[in-house]
Every structure is written in C-alpha cells, then in structure tokens.
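Trainee: Starting off with a structure, shown below.
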Amino acid sequence: MGDTIVEPAPLKPTSEPAPGPPGNNGGSLLSVITEGVGELSVIDPEVAQKACQEVLEKVKLLHGGVAISSRGTPLELVNGDGVDSEIRCLDDPPAQIREEEDEMGATVASGTAKGARRRRQNNSAKQSWLLRLFESKLFDISMAISYLYNSKEPGVQAYIGNRLFCFRNEDVDFYLPQLLNMYIHMDEDVGDAIKPYIVHRCRQSINFSLQCALLLGAYSSDMHISTQRHSRGTKLRKLILSDELKPAHRKRELPSLSPAPDTGLSPSKRTHQRSKSDATASISLSSNLKRTASNPKVENEDEELSSSTESIDNSFSSPVRLAPEREFIKSLMAIGKRLATLPTKEQKTQRLISELSLLNHKLPARVWLPTAGFDHHVVRVPHTQAVVLNSKDKAPYLIYVEVLECENFDTTSVPARIPENRIRSTRSVENLPECGITHEQRAGSFSTVPNYDNDDEAWSVDDIGELQVELPEVHTNSCDNISQFSVDSITSQESKEPVFIAAGDIRRRLSEQLAHTPTAFKRDPEDPSAVALKEPWQEKVRRIREGSPYGHLPNWRLLSVIVKCGDDLRQELLAFQVLKQLQSIWEQERVPLWIKPYKILVISADSGMIEPVVNAVSIHQVKKQSQLSLLDYFLQEHGSYTTEAFLSAQRNFVQSCAGYCLGCYLLQVKDRHNGNILLDAEGHIIHIDFGFILSSSPRNLGFETSAFKLTTEFVDVMGGLDGDMFNYYKMLMLQGLIAARKHMDKVVQIVEIMQQGSQLPCFHGSSTIRNLKERFHMSMTEEQLQLLVEQMVDGSMRSITTKLYDGFQYLTNGIM
C-alpha cells in the first residue's frame, strides 16, 4: 500500500452508523468524518465520500502520511497501514523523533529538518483539535457557518458542507440567507460545499425551493448586470425553477392512475391521486393558476375523478412545480403596484377589495403562504376584510387568507371549490335550538353562521362583508346556562367535599373584567387599518370562519400577511435574524427580556411579505383614537394601578421595552416614530420597520443620535424615575447586554456574512462591522457596563433629537 490512505467505502442509504472502528479496513476513515454526527440516511453518498477524501488528502499532503483517528487525534501511518500496534498519537513526539532531534547539531540542514518536523507536529495538533471540535456536542450550526465563512481550507469547507445534512432543517433554514449569499459572492470551494445540501433540500421541500429561488434572485441583484447573467447564483436559481429538482417519488407516481392500496394509513399518507381540481389548480392565474371547476357535479364526484384519465393535464411534463405559487405572488404584488397609483386611502381600499374578489375566482389552487409554518392550501381570501396600511408614498396592504392544513403539500389533493352561496343551505340548521349541542358539534357542521333574522337578503354574498363589520352581541341561551350549572353541580356532588368560595374575590374579578373590557377603535377613513388591527385575533377568526363556506372543515385555519411593494426587505430580514438570535441568547441565559421578531419573506430587491403582529396597534393609533397619554390608556385598558391586569401589563411593558432598547442600540435602528412602535393587548411594545439600521438613516441625515427611544411617557408607564419597575428595567438592560456579549460572535457573523458583495445602504462605510463589535463593549467590566447602561438610559430619556424627530413626523405625516 505504501503511503496511501485507505479509500472510504461508499455510504449506504441507511440509518445505521458508519461501520467498524479505526483499523478495520473499509469505512474506518469514513467513520472519522461522520462519527457522532447523527443519522446518515440524509447524507448523499457522493457528497460524503468527496468531503471525506478531500479532508484526508489535505491532511496527508500537509503532514506527509498523517491520518486522523476516530478520536480526532493525528495518527502516524507506519508503512501506510493503519494497524493499531503501529499507530502513535503525535500529541507526544515519538521516541524516534526525539532521538533524531538530539542527534541534529549545528548544521543548517539538520536545523531545517527539525523545524519542519515541529511545524508538522503543530499542524497535526491543530487538525486534531479542530476535528475534535467538529465531532463534539458543542459544534452547532452557528459554529458550522462561522468555519464555512472563515476557513480557507477546501477540505474543511467540504466537511462543513457535508455536516449541514446532520443539523435540523429549521436550524439550517435560519442561516439560509447567509448560505446563499456565500454561494453567490464567495469562491468556488465554498459554493461547491454548499450546493449539494441546497439541491437535496430543494428536492425535499417545495417551500424551501421557493425561498431559495427568491433569495438567489434578490441577492444576485447587487451584481453588475453582465456578471449577474452568468453567475453561479443565477444558474442555481434556474435549476430550482426548472422541474429537475422535483421529488423523485412524484415522478415515479405519475403513471399510476388506480387508487392506492389501503395500507391502514390516513388518506394524506397514501400515494397521491390527482383529481380534476388538483390538476387544473396547477395552471397559473393567466395560464398557471387556474381555479378548480365550480360545476357542482364535479365537486360532488371527486372520488370518480381521482382515478379518471381526464384528471391528468400536461402540468407534469412542463416545469410548473413552482409556477402556480409564483403567479399567485405576482398577482399580489401587481395589486400593490396598482394601489400605489391611487390618490386616497378610500379609493385604495375599494380597489383592493375588488382586486381580491377577482383573485378569489382562481382559488382554491396549489398555492400557499410562505410565511406560515405548516403545510396548507390556500382556498379563499375574505376580500372585505383586507385593509390598506399607513404609508405616505406606497400602498402596503394587509390581507387575511383562509387555508386548509394538510400533512404534505406535494402529495395532498387541492380542495374542491365550495361556492359562496353554499352558506345559504345552513340556515335551516341554525334555527334548531342550541340546547344540548356541544361546541364541537356546532364546529363540525355547516351551521356556524348566527341566525340574525329571517331576512333572506342577509345571506347574500355581497352583504357578508357588511355583516362581518359589526356583529350584534350573541346572547347566551338560557339552556346553555342550565347545562353549565348542571355540570358544575354534578362535579361538586362527585367530589363530596364542601366548596368554599370567596364571594368578594368573585365579585372583584367579575367587576374588573366587565369594567375594563378592551375598547374598540372608531372607523377612520384616513386610517382604515386601525379598526381591523384593534379587533382581537380570536374574535376575528371566529367571525371570518362563520362567514366562510370552508369554515365547517376541521382543518380550516386563518392566516394573515402584509404585502409590500417598492420596499427592499433584505434589511428587514437581516434585522429579523439578529433579533431572533438575541431572543435565543436571552432565553439560553435565562434573562427575562421579551421581543417578538416577525417573519420576513424577501421576494425581490424591492418587494416582499411580512408576518403581521396580531392583537397589536401602533402607539400613534392609540394616541389618535383614545386622545389619552400612554399611562392613561394603560389604565383604561387594564384597570387601576393595583389590579392584577395592570401589574401584569406593566411588567410586560418593561421587559419588552428593555429588550427592544438593547436590540435597537446594537443594530442602531433609526426612524423610531410612534407609527413604528406597536402596543399589544398584553402590554408589550413591538418595534417594526427596520429599513434604517447600522450605517443608514432617513435621508442619510443621522438625525436620531440617542442610543434608543425612551420617552417620558414610557417611563411614566414604568412608574416614574423612582419606581421599582424603572430600576427593574435598567437591571434587565444590564443583564441583557452581559448575556449578549457572551455570544457576540453569533450576532456579528450574521451581519458580517451578509455584507459580502452587498450594496445595501446599511453596509455603507468600511467601519460597519467594527462599530457593531464595539457596541458589545467586550473590554468593560460589569461595573463599567452598569455605568454605561445608566448613561445610555439617561441620555435617551433626555434626548432632544428624539423629541424633534417626533415633532417632525407629526408635522409632515401626522404621526402623533
């Protein structure tokens, strides 16, 4: 064998660990690379073998025949054989080397040989410790991304690329922007290490494929047009958009038209059988998103159609895997662009409702909302519930989307279309007395719309939206009260124990709940979103479900999304990642700070979707609608100072304010007017709109100079400067900063990798990363940090620029 290293045996698609301990011929060295990294069934054999060979060949070239043991220690291969008795760990120099070194005297040649051996020994030790780190439990996805970005060794990069297969999908998905940005803008070795994982996941998940295609397009847009056309990012995007990465199991199932054998699995787990509605849904809004047939005969004969040859169209032979979803997204973006041309909010709202009504004719279809965290099909958009959001120059809008949850998007048939007037047939059931009908029984039937009166016109489709605006109060039936008390009495009799109830406590709690029910906002033509956002989410879900022809289905869900056109959401995505990382750090360090990062979908360099924050309205809307100070609004919503509800809301306010103050300080978030700060029903504040972070500011003026926004109104809610909650706020700030700087590298690398090849304004200037690191104050003691926090809090609270900027926003945009 000479000095050759044993070739690793190819990986088999099995979940069993790599065979054999070191020294057992085939597979021994492969186990070095894969030992302790989890299930191997997801690792592509060629990828693993290539990575293994590159690592071992690199080690061999550097160290002249030195391999690595399964323990991660460097081994000297005597005569090329990996025999245990002849393997020596180089952590301690072998006796032969020590004897040779003693014999080497004053000659230059002998000195050179001695230095070479020492360098070889040191390099081997470094390789030993590196591999030990890679195989340890401490090696997480954050460290993998760091080594992939910083390492210049192709072998290490290949190993990390292979190791990606062993992390959880959701962990890798968090760093997808970083992985794709490295693929686009870094050298070929990094790209070659990343690509196998991306291709593998694209075959597994259509949603992952969509996000990769969108991000590759958005991050390639910063390149010169001639370079972009031939870049590796553009080529990978074209590969994803083609049907070459369609899951293999779908291709194999195409010829089969007969029903799958009943194996005891649920229908969604059996082999997918195309129905007519499924087939037609693969066509777009113009040619790919075509609605399912609305013929009642078709809708009632799904089982017949599932095995019919007429259910097959040419969608399988043409590259349309992502086409319906892309057309769906294009339609939503086109609506936003058309709305921006209209002068008034009222006109925009009317046009939005009309556009969405037309879009409903194309649904259900094989489309989904990428911001959701579960598989589903979009079946309906309740168009009358959509609202246009506040924006001076653009027209972002909020829509609610009805979906049917499914186990697997690729293999589940598209639901059949249910006509809007189908809801009329439920009237007769509604007239039945409710006594004796459980909540679950009502939810499982079509009878979900309250019987308001006997006027048939109340059920017309055109009037559903009006009925949904202001629902009359639903009075509890007397028989419901009887049933409830009967259950209570039976329970107490079975216990055979006397039940003592503090009547005073009951009266106090009931009076608090009745007196401090959350207030509703009035309709404002200039701000139509205020009423929609103020309505409690659960109430909105119930109301929309009652008016939906799909609401009776048990897997019905309601989602919401904000559609933005003309805005670059890549900075928003970067801010989301940093805040999400900070949230994880504080949870790990058990610091009770509260922030709520919301999901961002980058569609292009100037469009995207945002996950709305439910049960929350902006402080501007609060002040405009209530005409109260922030503290008085808290008292109105949650009760007096001593009530449990107020104290809980106050604590939530303090914990969230401290969390966002730290996040805004580290990211240098600007444009902090009251329209960009939300207040939820539980008292938390949530910052939104991170279009100006790090090196960028509105109009590049750098006007907001304070570390973060902390107004006297915020301090009043905390109980004033001398209050315990204000001291608690400063303590949380200190604890949060100490915890964050322990994990500084995890935060900094998110930003540093995205700076590669980027033209985003937040990266203008050469000192962006250096300034970010300085804000962690790594050289300060905890006592010095405490003094720093005191200074930042005091400076932000007294900042004249914050007051001037709020005044400027009020004068120019009417933001209170």
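Each Cβ is built from the backbone N, Cα and C atoms, and glycine gets one as well.
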Trainee: Swiss-Prot lists region 'Catalytic loop' for one of the ranges 92-100, 425-433, 668-676, 794-802; which is that range?
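Mentor: Checking Swiss-Prot against the ranges 92-100, 425-433, 668-676, 794-802, the region 'Catalytic loop' one is 668-676.
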Trainee: Among 233-239, 541-547, 618-624, find the range that Swiss-Prot records as region 'G-loop'.
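Mentor: Result: 541-547 is the stretch Swiss-Prot calls region 'G-loop'.
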Trainee: Can you say which of 101-120, 481-500 is given as region 'Disordered' in Swiss-Prot?
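Mentor: In Swiss-Prot, residues 101-120 carry the label region 'Disordered'.
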Trainee: Pick from 362-386, 637-661, 687-711, 737-761: which range does Swiss-Prot record as region 'Activation loop'?
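Mentor: Of the candidate stretches, Swiss-Prot labels 687-711 as region 'Activation loop'.
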Trainee: So what pLDDT does the domain 'PIK helical' (29-242) average out to?
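Mentor: That stretch averages a pLDDT of 69.
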Trainee: Do you know the DSSP helix, strand and coil residue counts for the region 'Catalytic loop' (668-676)?
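Mentor: Summed over the region 'Catalytic loop' (668-676), the classes give 3 helix, 0 strand, 6 coil.
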